[in-house]
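*Asks:* My questions will all concern the structure given below.
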Amino acid sequence: MESRCQLWPWALFVLLASLRLLGAQHDCSRGACYPPRGDLLLGRVQHLRASSTCGLTKPETYCTPHGEWNMRCCRCDSRLPHSHNGHRVANVLSSAGRSRWWQSQSGIERVYLQLDLDEKYQLNGIVLDFRSPLPTAMLIERSTDFGKTWEVYQYLASDCATAFPHVPRGSPESWGDARCQALQAQHRYPAHGGKVKFSVQDLASTITTSYSQAVSRLGQFTNLRINFTQLPHVLRQGYHSPSTFYAVTEMQVLGSCFCNGHADRCAPSGDPHTMVHRHCECQHNTAGPHCERCAALYNARPWAPAEDNDPHECQRCNCNGHSTSCHFDPEVFRSSGGVSGGVCDNCQHNTAGNNCERCQTNYFRNQRQDLTHPEACLPCECDPDGTVPGSICDPFSGRCVCKENVQGERCHLCKPGFAQLAHANPMGCRRCSCNMLGTRQDMPCDDETGQCSCLPNVVGAECDQCAAGHWDMASGRGCRPCDCHPGGSLSTHCNQFTGQCSCREGFAGRTCSAAQQEQACPDRHYGNARVGCTECNCDFQGTEDTGCDKSTGRCLCRPGVTGPRCDQCQRDHCSTYPSCEPCHPCFHAYDGDIQRLRLRLHQSALSNSSVLLPGGTGGSRLGPRLAQAEGTAQQAQGILGRSPGTEQGLAQASSALAAIREQMQGINPNFQLLDVTASLSSELKALNSSLAIINNQYQSKKTQFETSRSTDLSGAFQTIRSAYQTSANASGLVAGAAALLARSRENRRNAAELEGAAGAHSTKLLALRAEVALSPNLTPAANKICGGFRVEKCTPAQCQGLLCPRDNGTACGAGLSCRGAFPRSARALGTATKASRELGSLSARLRDTAQLIKTTETSANQIQSNVRRLVEQMSVTRTQIEGDVRRIQQFIQQVRNFLSDKDTDPATIQEISEFVLSLRLPTDAAAVLRKMTEIQNLATKLQCPESILAQTAEDIAKAKRLQQEAEQARNRANAVEGDVEEVVGYLRRANTVLLEAQGAIRGSSSLLRFIQERVEEIEAVLGPAERNTQAVAEELAALREGLRQLQQAAGQNRLRASDAQQAAAAAGEKAGRAQQSLQQVKQMYAELKSRMEQSPALGGQGSRVQSIGQEAKDLFEETSAMMLRMAALETEIQESNRALLSKSARLSGLQERVGRIRDAISKRVAYYDSCS
C-alpha cells in the first residue's frame, strides 16, 4: 500500500512534463522553438558540489527546536555515501526522497552550492526546498564561459537594505540589471523552511523584449552557483541556543539543452540516468551541439539565432551537386547585393568557382551533360609535345593551344607537310623535305616518321625523281611511262623532263616511233646529211644526248642548264656549272624581290633618259613615242617575268630589247643606253652570291628568333635592332647597284675578249670532246661497285640508264651472297641498324628489370615487416586476453563469494543476478569459433611466411645475377666492332638471360602478393576480435563498479540487518511472553466463563471479562495473520534463492565459454609464433 502511495507523485510529474512538452513543441517553421525542460541534476550529481557539508570528516552533533520549549539533538555522519544519518550534497536530488537532505556545517555563514557542467545549457528556473529555515540572504550567479567570469542573476534577502545595501530593489529594467527581491519565511519555527523559486522568464518579464531574446540573454549558462551569505535567525529555546546551518531537502535546476531557438528536442545520448541530454536535434538547416552554426551545405546567408516570428533558417548553397559543404564569405555576400554569400568547399568532379559553376584549369565544359552531372567537366587531354608550354585549353570547347606546325583538337597531329612531333621542338613538327611536285598533296609525308608519300611512279627518299622508264613529274599527278618504241629507241629510258626517248638512226619523234624519210645527221650535228652535217656549237656537258636540233642547230639544254651554248645554270639552279643543282625553296621568295629591284632600276633609267632629252623637243611631240617605248618595256619585262623556259622566249626578249634601243635612239640620239643583257651572266653570279649571303643571314636570324621565343623576350629588342641593321645594309647594297653595273660592263668587255680567244681554241676543244666521249669505259668499275651485269659501254660523256639500277636486281638478303661494294655496304648498314635497335631495346628492358627488382625488394621488406608486426600484435592480444580471463575468473569468484554470503539480502542478490545476466557479449562462442576457423584456414593457405620470403630472396638474388649477365652481354656487344653477327649473338643471349630474370621476379612478386593478401585477411579477422575483447573488458569494468557499489550497500544493509535482527529477537521475546500471557488469559477466561455460568450474577465484572476475551481474540487473529505473512515471505525468499542458484549456474557457463575462447586464441598465437 505504501509503495502504491509513493507512485502517484511520479505519475503527476510525468503528466506535468507531458503538458510542458506539448507546450514547448510548437511549429518550428514559424519561429524559434525550444526543447521541453527537465531537471538537469538528474544524472549529473557528480557535477554538483558544496563548499561545506556536516560530518564529512568526522561526526557532528546539531540541535534544533522541538516543540515550543524543548530541543532535539541529532548526529550528522557523512563519511559514508549512503549512511542514514549522512547529509551529503547528493541528497538534494529529487530521486533521493524526502527523508534525506543536504546540510552544511553549523555556524558557517558563507556557503555555496555550485553546479559545473561540461556543456552550455538553457536555464528555465531553480527550485530550492529548504529543511532548515530560509537563509537571511542569498544570491544566484551564473557563468557562460565555464567559470572564468560570473554574473549575478538575482539577490534574495529577508531585508535587502541590510543584507545588500548597494543593490537596488524591485524588478530589473535592462539586461544585467541585478536587483534584490524579498525572501520571507512561511512561519516562525517551520520543520521545513519553505521553497525558493527562481524563473528566468519572470526575471525578464519586466524588460520589454521577446521570449527568444530573454532566452538568448539570460537562459544560457555553463556554471550555476547558489551563494548563502547569512545564516537564518533562530531564537533561543530557554537556556539553549539551537544550531544554525543551511539544509536543503530538494534542489531542481530546470532547463534543457541550449539550441539558440533552432530545435524542439534534445538528441538522446544513450545515458538512461540523464533526464536532459546534452546536444540538440537541430532544425532550420543548422548544425552543431547547440545549433550554433549552419549545416555544411547551408551557408548562403549568415547564421543567426531564431526569433519568435523569424526562424532565421539557413539557406542552401548552390554548388550544382559538386560539393557537400560551403562557407559564408561576407565579401561575396555584399557583392551579390545580399542574395548569397555561400562559397562551396572542395569542389569535386574537376569543377571550380564559388558555386562549382566552371571547370578547373585544363578541363573543359562537357556540353553533352548538365552542369550538375559528375561528368560535367572533362580533361582537355592536350598532347604536351604539340601544345604551347604554359598554355591552357579553351574552357568551353576543350581546344588546345597548338604550336605553329601542329594541328588537331588535342594538338597531337602535324600539319600537312610537317612530321615528327617532338616536345623539344618549339615549332612542334619539322618541315618535310619532300619535293612538292612528286608527293601527294593531301598527305605529303608520314607525320610520325617523316617518310615522303610519293605519287605514282615517283621514287627517291624525297620523291624528287621519276622511276626508271617514266617522266613528267612536273604534272603534279605522278610520272607517266616513257612509252619508248622498242624498235625505234635505244632503251626504255627517256628524258625525265621532256620525255624524249633516245632514237635509233632513221627514227624520230618523242617516242622514236616515226621513221625518218631521209637520212639525218648524227647526234651533236645538224644540217642536211646529203649536203653535209655541221657540229653543234654547244657545250655538250649541258645538252641532251642529241646535242642540238637537227635542222636549226639550236642547242638542246638539259634541265637546269640554259644559255645559247647550254653552258650556264638556270636562274633557279644555284650550283656552279655543270652540276646546276636546284636552289633552296626560299630562292623563289627572294627572286621576286630581286625582280622588283631590277624593275625599279629600269624605271629609274627611263626616268633619267627623259631628263636628258634636248631642250628643243617638246613633250607634245614625243609623248606618243614615249608611251610606245614604255609599253614595249613593259612587254619585255613581262616576258622576263615569265619563267625562261625556251630559246624562242629568249629570242623574243632580245627582239624587244633591240626595238627599245632603236626607239630610244630615235627619241634622243645623245642618250647612251646601258646594255644590261650582255652582263646578264655576271649579274646572275653576283645575285647568286648575294642570295647565298641572304640565305645564311636568314637562317641565322631564324635561329636567333626561335631561341629568343623559346626562352624569353629579353633579346627581342636586340633582334629588332639587328634586323634594322641588316635592312640598312641591304639598302646600302641597293644604293651601290650603279657600281655593280659598272663592274658588270667591265666584265662584259673582258668576256668579249675571252670569247674571241676561245674561238681560236674551239677546234682543239671539239677534238678533245670527241676523245672524251669515247673513253674511258666505266662499265667494269660500275659492275664491281654495283654488283650488276652491265654489258653496254659506259663513258663519262654517254652512259645509258642509272649507274646502279634501283630495281633490287642486285640486292642481297639473309642467306644470299652479296656482289659489289654497294650491295654489301647496304647489307652491312641494315645489319648495323638492326643491332643498334636491339641494343636500345635491351638497354630499356635492363632498366625496367632493375626497377622491377627494386620494387620487389621493397615489397618483400614491407611484407616481412607487416608479418612481424602481426605476430607482435597477436602476442600482445594473447597477453591481454590471458589477463582479461584471469580478471574475469577473479571477478566471477568475487560474485560467487558475494552471492553466497549469508548476510546478503535476496533483493540485492536478485539485482546483481539480473545485472550479470543482462550483459551481452559482443559475440558468442560460436562466432568466436568461426573467426578462429577463418584464421586457421588463412594460416593453412599462408603456411610459414619465412620460407616464402626466403625463396623470394633467392629469386631476387638470381634476378640480380641474371641482370648482371645481361649487362655484361650488352657491354660485350658494345665493345665488339668487327663482327656484327657476334654482336647479334651477344644480344640474343642477353635477351634470354633477361627473360629468365623477369620470370623469376614475376614469380616472386606473385608470392609476395599472396602473402600480403593473407596478412590483410588475418588483420581483418583479428581487428573485430580485439574490439570484442575490449568491449568485454568495458562491460566487466562496469559490472565490477556495480558490484563494488552493491557491496557498499550490502555493508550498510548488514548494519541495518543486525539492528533488525536484534529488534526481531526482542520482538520475538515479546511475542513469546505475549503468547504465554495469552495462554494465561485464555485459562483465566475459561475459568471466568465457567464461574459466570455457575454464577450469572457477576454484573460489571462479567462485562469486563467479555471485553478482555474479545481483545484477546483480536490479538490472536492479528498474530495469526502475522504468521501467515511471515510464511509467505519465507516462500518468496526460497524462490529467490532458487532463481539465484539458476543464474549462478548460467554465470558458471559463461566462465567456461570465456575459457574456451581464451584457449583457442592462445593456440592460434602459438602457431604464428612458430613462424617468426
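Just so you know, glycine gets a Cβ as well, placed from its N, Cα and C.
Annotations in TrEMBL come from automatic prediction, not curation.
Remember, it's a predicted structure, so these values are computed and weren't measured experimentally.
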*Asks:* So Cys555 is in a disulfide according to TrEMBL. Which of these is its partner: Cys538, Cys574?
*Replies:* Cys538
*Asks:* Where TrEMBL annotates a disulfide for Cys512, which of Cys494, Cys503 is the other cysteine?
*Replies:* Cys503
*Asks:* Of the ranges 143-173, 825-855, 887-917, 949-979, which one does TrEMBL list as coiled coil?
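*Replies:* Spelled out, TrEMBL records coiled coil over residues 949-979, not the other listed ranges.
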*Asks:* Please report the Cα separation of Cys557 (disulfide bond) and Cys482 (disulfide bond) in Å, rounded to an integer.
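*Replies:* Cα-Cα distance, Cys557 (disulfide bond) to Cys482 (disulfide bond): 19 Å.
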*Asks:* Indicate the candidate from Cys356, Cys402, Cys482, Cys536 with the smallest number of other Cβ atoms within 10 Å of its Cβ, considering only these disulfide-bonded residues.
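*Replies:* Output over disulfide-bonded residues Cys356, Cys402, Cys482, Cys536: least Cβ neighbours within 10 Å is Cys402.
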*Asks:* In whole Å, how far does the CA atom of Cys411 (disulfide bond) lie from that of Cys501 (disulfide bond)?
*Replies:* 49
*Asks:* What disulfide-bonded residues among Cys356, Cys402, Cys555 are found with a C-alpha within 10 angstroms of that of Cys536 (disulfide bond)?
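*Replies:* Checking Cα-Cα distances against Cys536 (disulfide bond), the disulfide-bonded residues within 10 Å turn out to be Cys555.
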*Asks:* Tell me, in order along the sequence, which disulfide-bonded residues from Cys347, Cys454, Cys463, Cys494, Cys538, Cys555 have their CA within 10 Å of Cys548 (disulfide bond).
*Replies:* Cys538, Cys555
*Asks:* Near Cys512 (disulfide bond), meaning Cα within 10 Å, which of Cys347, Cys454, Cys463, Cys484, Cys501, Cys538 (disulfide-bonded residues)?
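*Replies:* Candidates kept after distance check: Cys484, Cys501.
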*Asks:* Mind tallying the domain 'Laminin EGF-like' (380-431) by DSSP state, helix then strand then coil?
*Replies:* 0 helix, 10 strand, 42 coil
*Asks:* Take the Cβ of Cys503 (disulfide bond) and count every other Cβ within 10 Å, whichever protein chain it belongs to.
*Replies:* 25
*Asks:* Over the span of the domain 'Laminin EGF-like' (482-535), count residues by DSSP class, listing helix, strand and coil in order.
*Replies:* 0 helix, 21 strand, 33 coil
*Asks:* Taking Cys482 (disulfide bond) as the reference, which of Cys402, Cys463, Cys501 (the disulfide-bonded residues) have a CA within 10 A of its CA?
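*Replies:* For Cys482 (disulfide bond), the disulfide-bonded residues whose Cα atoms are within 10 Å come to Cys501.
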*Asks:* Sequence gap of 6 or more, Cβ distance under 8 Å: name the residues on the same chain that satisfy this around Cys538 (disulfide bond), in order along the sequence.
*Replies:* Arg524, Gly547, Cys548, Cys555, Leu556, Arg565, Cys566, Asp567
*Asks:* Taking the Cα atoms as reference points, how far is Cys454 (disulfide bond) from Cys347 (disulfide bond) in Å?
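*Replies:* One finds 53 Å between the Cα atoms of these residues.
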